[in-house]
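Here's what TrEMBL has on this protein:
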| type | residues | note |
| --- | --- | --- |
| TRANSMEM | C:12-31 | transmembrane segment |
| TRANSMEM | C:51-74 | transmembrane segment |
| TRANSMEM | C:86-105 | transmembrane segment |
| TRANSMEM | C:141-158 | transmembrane segment |
| TRANSMEM | C:189-212 | transmembrane segment |
| TRANSMEM | C:224-249 | transmembrane segment |
| TRANSMEM | C:261-278 | transmembrane segment |
Amino acid sequence: MTTLPAFGRRSALGFAAAGLLAPLGAARGQQPTIRVGAPLPLTGPLAPEGIKQRNGYDFWAAAANARGGVDVAGTKHRVEIVYADYASNTPRAVQTAERLITQDRVNFLFSPFGSGAAKAASSVNERYGIPTIAATASSEQVYDQGYKFLFGTFTPNSTLTEPLAEIVTGANPQVRRVAVLARNDLFPLAIGQEMVASARKRNLQVVFDEKYAIGTMDHASAITQMRAQRPDWVFATGYTNDLILIRKQMADLGLRAPVVTMIAGPAYREFISATGRQAENITSAAWWHPAVRYQGQDLFGTTESFNQAWEQRFNAEPDYAEASAAAAGAILQMAVEAARTIEPAKVRDALAAMDATTFYGRVKFGPTGQITSLEPPVFQIQGGQPRVIFPQGIKQADLRFGVG
Amino acid sequence: MSGLRDWALLVLGVAVLAALPMVADNYTLRLGTVFCMYAALALSWNVIGGFAGYPSFATAAFFGLGAYTCAILQSAGWPMLPALAAGGALAGLFAAAVGGAILHLRGHYFAIASLALAEVLRELATKLEWLTGGGMGLNLPVPAMELHAQAAFFLHLMLGVAALAGAATLLLRGSRLGFALRCIQQNEDAAGMLGVDTRRAKTLAFAISAIFPGLAGGAYASWTHYIEPPDVFDVLLSVKPLVMVLLGGLGTVFGPVVGAGLLLLFEEAVWRSFLTLHAAVLGVIIVVLVLFLPNGLMDATRRLLGRRGRGAA
Amino acid sequence: MLYLQVAANGLVLGGLYACIAVGFSLVWGVLNVINILHGSFIVLGSYLALFAYQVLGLHPFLAILPVAAALYAVGHATQGLLVNRVIAAPVLMTLTLTFGLDLMLNNTMIVAFTADYRRLNLETPLGVLFLGDVVLPGDRVAAMALALLLTGGLWLLLRGTRLGRAVVAVRMDRDAAALMGVNVPRINAVTFGLGAAMAGAAGVLLALIFPVSPLNSGLFLGKAFTVCVLGGLGSVPGALVGGIALGLIESFGALWLGPEWAITISFMVLIAVLALRPDGLLGRRGYA
């Protein structure tokens with residue numbers, strides 16, 4: 001081989017690659033812009049989640065720009081979201097976050113999807129001092145690293161299982177035997193463990209506590225074993241595809257129970273349309289629900305007007321993941337407007353000091369950066385619709401028993 | 001003489017990359033680090049895939065094993081470099097041990113057995129929570145260093161791994177083992193009859209092809225500070241070295257390095273320009289390479305397998 | 001009772017796995033091509049069945065033949081136009097080619113159909129069968145029966161027709177078959193088409209059971225690999241035996257060691273079979 005020229009060419013290519021990466025066409029009109037980077041899993045296994053996030057961010061950007069932009073001390077700034085796909089691959093997410101900061105020169109960042117990727121990428125934005133909002137990271141371990149620039153819009157996982165356990169045991173003391181089947185993956189696993197903790201705390205008997213591997217195509221054995229334990233409460237965690245399959249195989253194998261809870265599928269309309277009648281009476285909990293009612297000080301105003309605008313654009317109700325993404329944008333906007341500058345450190349301080357009500361709920365971040373002020377609603381699929389059964393203030397229906 | 005020239009090239013290349021932090025920003029250093037990682041993986045795959053002609057898909061297994069060993073030892077208080085070395089050594093020993101069981105397979109059968117190694121290790125890493133943190137992943141200490149210094153440090157670390165892999169390839173080429181591997185690639189049965197200890201040669205080659213991915217995995221884990229099973233046992237880590245070597249030239253010394261640079265360039269260019277269609281565009285590039293640029297690729301592959309591999313052993 | 005139910009679960013699951021693997025095994029055995037596209041072909045079959053049911057109201061069982069025919073055309077064209085050009089090259093080349101094609105097809109499906117998980121819900125579900133205390137889901141039993149039928153049909157085709165004998169001849173010795181006047185490129189294309197048709201038919205059946213999404217293609221492909229190795233490459237009974245063996249291994253593995261171990265065990269068995277019995281559990285080679 002012609003080694004010398006080839007080797008020279010390689011280095012040249014390396015530098016060419018670096019040149020290619022220079023920001024393309026930053027100037028666009030005269031209006032100043034705020035650039036927000038959003039590394040998302042738009043392809044690969046997490047693609048459905050990534051697309052929800054993108055909808056939420058787009059929705060905020062469009063709403064902000066329709067009002068002339070974000071007001072920074074009297075100057076309106078256009079919002080521009082710079083998307084990058086990391087193909088559901090966490091290292092790529094970290095790499096992409098750094099690229100967005102150093103090459104695309106974004107002012108702020110939205111975290112990649114989920115607790116794992118958000119945590120992995122948080123070291124990058126921390127190093128560069130870029131205020132970052134995580135719209136889908138709930139694990140406390142994401143926030144307890146002592147970082148100053150990371151803020152999250154999900155409360156810890158236990159805030160989902162605690163109200164669930166409270167309302168179920170309160171309504172029916174006969175519920176004694178709990179079976180937990182969790183996907184062996186960050187968030188679903190953590191929520192399964194929280195459920196076991198919440199159950200034990202109330203002296204419920206955990207008769208089945210197992211995990212299934214990512215990519216499991218058959219749950220028949222697990223369901224057969226659960227059925228043999230005659231549980232009163234079946235608690236399954238996973239992503240939408242897992243839960244659709246588990247629900248179908250429960251019906252196939254005749255596993256019935258007074259209470260069946262699934263997290264995090266039932267909040268998504270895809271779950272309800274894919275499972276049809278079998279979705280009936282399944283309970284779940286999420287950080288937000290279209291039925292909550294807040295008088296927001298943010299650009300979206302009340303929850304109703306947010307819902308309405310969303311439905312006009314997407315022809316469907318928003319779910320909690322979409323709302324959280326839109327809220328991340330709205331919160332960032334409020335912080336920038338309060339700071340009266342886009343200087344990262346000042347915006348960071350404004351986020352840390354924030355205590356405001358939005359369409360999404362009350363927003364106040366704890367000392368670690370994770371939101372502490374939300375009250376996640378519990379809901380149940382009734383008549384093909386998710387109906388809120390807790391908290392009392394926004395309740396739409398009573399808890400019903402019996403899933404068969 | 002050509003040997004001397006290649007050594008000079010290796011030293012020159014390493015020197016150029018080592019000097020990169022003086023002129024480049026952090027993102028370029030990150031790309032440089034990825035390039036070194038790719039080069040190390042491709043060079044290692046070339047030892048078993050190119051020299052010996054065994055289409056291995058086990059790179060991800062070695063990479064993940066090295067990453068987890070290094071991460072676990074560092075969490076237990078080991079300094080980074082000894083932990084890294086332990087990861088490489090364990091990957092090599094693991095390859096030598098399983099090599100005895102699967103290296104008698106040929107063609108597709110060997111390919112599948114090597115692929116399954118990574119799957120088993122990934123599942124085990126997910127399961128053994130007390131050791132690996134399971135699905136929650138594992139965090140590593142972040143070195144207390146200024147940003148640019150940190151980027152430069154990990155570039156140099158990964159460059160060191162790549163340079164070792166390059167040096168090993170050069171040494172191997174002129175050695176008795178290298179000769180034995182080429183005999184095996186040409187015609188394994190004949191090689192055996194001529195008195196080549198094929199079993200020993202193949203096992204050694206498999207172990208060598210495992211050490212550097214093991215080291216690269218450890219360096220990678222230290223670099224990203226966070227690993228989880230699906231990432232470090234990713235099947236793409238097994239597929240990419242093969243594509244790089246096919247791109248650059250099989251069984252050559254610097255071909256895999258060129259291929260690593262080309263693949264990285266493709267990835268970056270495609271990734272930037274196509275938001276959700278980049279996989280399809282990468283697919284088109286692969287198909288076009290295979291169909292319309294067969295010479296560089298085909299000649300090389302024919303040398304790889306020599307025969308029309310008919311599958312079964 | 002528990003054991004009986006778990007055994008029944010394993011058997012019907014094994015039927016599905018056999019269904020997934022038959023076409024893959026045929027292409028590998030005859031053409032010596034590892035068709036990475038196989039998983040995406042199955043998903044494409046599922047989408048066609050889904051749309052046929054939702055738009056035309058065509059029952060999936062009636063959609064099997066048209067969908068298989070459509071996939072046959074796709075497969076025939078893929079082999080005739082693309083794969084035949086490098087069929088004589090070493091295995092790595094065809095594998096890399098189908099890998100590239102799969103990236104294209106799968107990515108296109110994600111963009112065209114979105115990655116959202118959907119399901120084909122029959123107006124009148126197939127219900128469940130009771131055999132004593134053992135419950136058998138109707139759709140899985142139907143899928144298994146159809147898998148048997150399709151595999152039997154393929155076997156008859158290969159054994160009983162001129163075309164089939166030409167395929168078998170190519171499988172045995174490509175050069176000799178060419179000398180005997182067999183149009184090898186055409187037979188290659190027919191074989192690849194048959195493999196794709198089997199994938200399409202499997203996709204229709206699987207749409208009744210699994211959520212439909214392009215993201216499933218990798219899972220299907222992985223199962224096809226394992227089944228082929230367990231059963232022995234390129235044999236019709238082998239795909240059935242391998243599928244059922246895998247179904248039983250996963251079911252009992254999940255029972256004894258916990259659901260999270262099911263997949264690990266199947267990979268360990270795979271490696272063990274490869275190391276000890278590379279020709280598969282049946283220990284026989286050759287289609288039909």
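Just so you know, glycine gets a Cβ as well, placed from its N, Cα and C.
Within the same chain, the transmembrane segment (C:189-212) stays apart from the transmembrane segment (C:261-278): fewer than three Cβ pairs sit under 8 Å, each pair at least 6 residues apart.
Beyond the transmembrane segment (C:12-31), the same-chain residues lying 6 or more positions past its ends with a Cβ under 8 Å from any Cβ of the stretch are 38, 41-42, 79, 83, 87, 94, 136-137, 140-141, 143-148, 150-151, 154, 167-168, 170-171, 188, 191-192, 194-199, 201-202, 205-206, 209, 220-221, 223-225, 227-228, 231, 233-236, 238-240, 242-248, 250-251, 286-287.
Residues of the same chain lying 6 or more positions beyond the ends of the transmembrane segment (C:261-278) and with a Cβ under 8 Å from any Cβ of it are 225-226, 229-230, 246, 249-251, 253-254. Within its own chain, the transmembrane segment (C:141-158) has Cβ neighbours under 8 Å at 11-12, 14-16, 18-19, 22, 26, 61, 64, 126, 129, 164-165, 167-168, 194, 198, 201-202, 205-206, 208-209, 236, 239-240, 243, 287-288, counting only residues six or more beyond its boundaries.
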